[in-house]
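Engineer: Got a structure for you, questions after.
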Amino acid sequence: MASEEYGEPAKHDPSFKGPIKKRGCTDIICCVLFMVFLLGYMVVGILAWLYGDPRQVIYPRNSTGMYCGIGENQGKPNVLYYDLLKCVTGTNILAAAMNGLQCPTTQVCVATCPMDFKWALPNGSPASVYIQEYCQPSINLTTTPLTVAQIAAKELCPVFLVPSTSFFNRCFPGSNLTFPSDFTINGLTANQSRANISEAASQILDSFNFQNVGKKIFEDFAKSWPWIITALVIAMVVSLLFLILLRFTAGILVWVLIVGVIGVIGYGIYHCYMEYDTLNKQGVSVSDVGFTFNLGVYFRVKETWLAILIVLAVVEAILLLVLLFLRKRILIAIALIKEASKAIGHIMSSLFYPLVTFVLLVVCVAYWGMTALYLATSGAPIYRISTVNTSVPGCENITGNETCNPMTFKPSSSCNEARCIFYRYNNEGLFQTNLFNLQIYNVIGFLWCINFVIALGQCVLAGAFASYYWAFHKPKDIPFFPVAESFMRTLRYHTGSLAFGSLILTIVQLIRIILEYVDHKLKGAQNPCTRFLLCCLKCCFWCLEKFIKFLNRNAYIMIAVYGKNFCVSAKNAFKLLMRNIVRVVVLDKVTDLLIFFGKLIVVGGVGVLAFFFFSGRIPIPNDSFKSPTLNYYWIPIITVVLGSYMIAHGFFSVYNMCVDTLFLCFLEDLERNDGSQEKPYYMSKSLMSILNKKNRPPKSEEKKKKK
């Protein structure tokens, strides 16, 4: 029944000796479409580069529209706001700074932010009251004929300065300011001045708590990056050592891995029981705590530890049952891993191919990021005349709609508080009106290129490992440069097929992004039915994406071996897997699970080491090598864990692809051959012994044995 529904088993082909040498180009239409799309993607990048100016985001501007830190303001990377009260009243200062906006007060580029309090005394001389560094370049305090009051009225120098810190090159007031007792501004009393400045500073700090958090995170990275790199190097070394050990002792390592997981869960059960027993004797119950958002409280009640204990016990029981009933399947999985170890041992260059994939992925991400940045900053900046208080005599006619040029703008005598401030970027013109469409094109190009690079790596590795499996006399029949040959063969003949498969995956991922966007926009305004429908759609497309990734992976293996187009290869791979569905579910997934556990060992080991190091729990006798004092020690720990997982995934993905390729070839081998002299098996003797298969010796040897 299975044969009729999912096709007949593959028949023996005497001429088949592994990946077919003579093949033609596949999915040419999709190849042409992909090339045209890439040309369009390059055009989008060129247009973005011509029209965009990322300096508008990277560098702040002064009141004249000049960038701080470059050009005439070289060495002055920070911008200082003269009247902080106007910034708080007129606009959201941090949001304005992040979007390139300016608040309605004079801004100048400065080398460093103010470190001390300073305020203007009306009876002093300009040189003694003001600081030249923080005044506009047009005024010289030693030679100016203007008085202190006239300079303050024209905002040529700041009336007051408070200790500030630089955040994204903007000078913001520091927290917990202690004002001098005689501090006064704008004719206010000392108490009123302190109250106004404190309120302005607190509004900024309270509205943007992430200011200090973000700054501290950057500081943590600056302090800990050498140790982060050291931890990532350790992760790479551990991954290589694990693969080397797997090369020689696959069976022992797999069983140690399984026993280790069971032991860790067993220890978790023991620890939960001890915590439960201690809290039970103390009589602390969840009824005594009630409902609270402080999750740490729940770990001080016995019911929490009892629930965790039950869950771990159930997981432990399931694992033991799986080991009991699937022991033979695990032995076959171990044999596949051993065979993969042998294959990688003969094709060591395959371990370095993830570096090629990584470089290509970095190029894709960098191109997407730069294109998005240049597109976002395209269009000339528009400035408009604005003032904080339109009720001031002479400022009634200022509506905020009149454009201006910050390079030539000067306040009128009737409204001295008028300022020329940034409004937005110009969105008129053919290019600017299509920015949203170009950003969508950029996202699609990013997803398609990323998926194509991953597909290329899978197909290249599949071709290399397939050449190992179908080599009857190993290693004599293995090509000299299997990875390089597979790479050139894949690019020459199957670019269209890889583009086709990656396009299908890109469409599904794009639909998922749209669903996430719709869900985000409708959050808080959707009814339960809409929420349920969106949740179902997101779940379905998540499953569809996983299925397409699985199908594409096996289709690329068939493409690498037989050189057929994507649809035929996907169909043949799907039918082959369905004809052997039990082996697929048990053998392939058990192997994937074991490799996943290997990743966890690498990531967990390096993560635990990073935790003890960055939390200061590892005593280092040498003072020159010690964990830095960090604000948030979990930031480098998370970075190390994520980086370790990426490194481990890169190395183990080679193993995973090798096992998947050998498994698919193994299924084809079982269908094509029967062990006879005309149809000998290509699988290793260990696999044949587990399956009770063997190749019959030649007739001449049989006669010798009979004699």
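A Cβ is built for glycine as well, from the same backbone N, Cα and C atoms used for every other residue.
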Engineer: Is it true that Swiss-Prot lists T144 and L491 in the same topological domain, i.e. on one side of the membrane?
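Structural biologist: Going by Swiss-Prot, T144 and L491 are on opposing faces of the membrane.
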Engineer: Give the range, chosen from 468-488, 594-614, that Swiss-Prot lists as transmembrane segment.
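Structural biologist: The listed stretch tagged transmembrane segment in Swiss-Prot is 594-614.
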Engineer: Please indicate, using numbers and ranges, the residues of the same chain that are 6 or more beyond the transmembrane segment (226-246) and have a C-beta under 8 Å from a C-beta there.
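Structural biologist: Non-local partners: 253, 337, 341, 344, 351, 598, 601-603, 605-606, 609-610, 613-614, 627-628, 636, 639-640, 643-644, 647-648, 651-652, 655.
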Engineer: Can you tell which of N140, N191, N196, N397, N401 has the most other C-beta atoms within 10 Å, given these are the glycosylation sites?
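Structural biologist: Of the glycosylation sites N140, N191, N196, N397, N401, the most buried by Cβ count within 10 Å is N196.
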Engineer: With a Cβ cut-off under 8 Å, give me the same-chain residues at least six positions beyond the ends of the transmembrane segment (355-375) that come close to it.
Structural biologist: 44-45, 48-49, 51-54, 57, 435, 438-439, 442-443, 445-446, 449-450, 453-454, 456-457, 650
Engineer: Over the topological domain 'Extracellular' (49-225), what is the model's average pLDDT?
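Structural biologist: Averaged over the topological domain 'Extracellular' (49-225), per-residue pLDDT gives 74.
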Engineer: N62 (N-linked glycosylation site) has how many other Cβ neighbours within 10 Å of its own Cβ?
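Structural biologist: Other Cβ atoms within 10 Å of N62 (N-linked glycosylation site): 22.
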Engineer: Where DSSP helix means H, G or I and strand means E or B, what are the helix, strand and coil counts for the topological domain 'Cytoplasmic' (327-354)?
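Structural biologist: Split into helix, strand and coil, the topological domain 'Cytoplasmic' (327-354) gives 27 helix, 0 strand, 1 coil.
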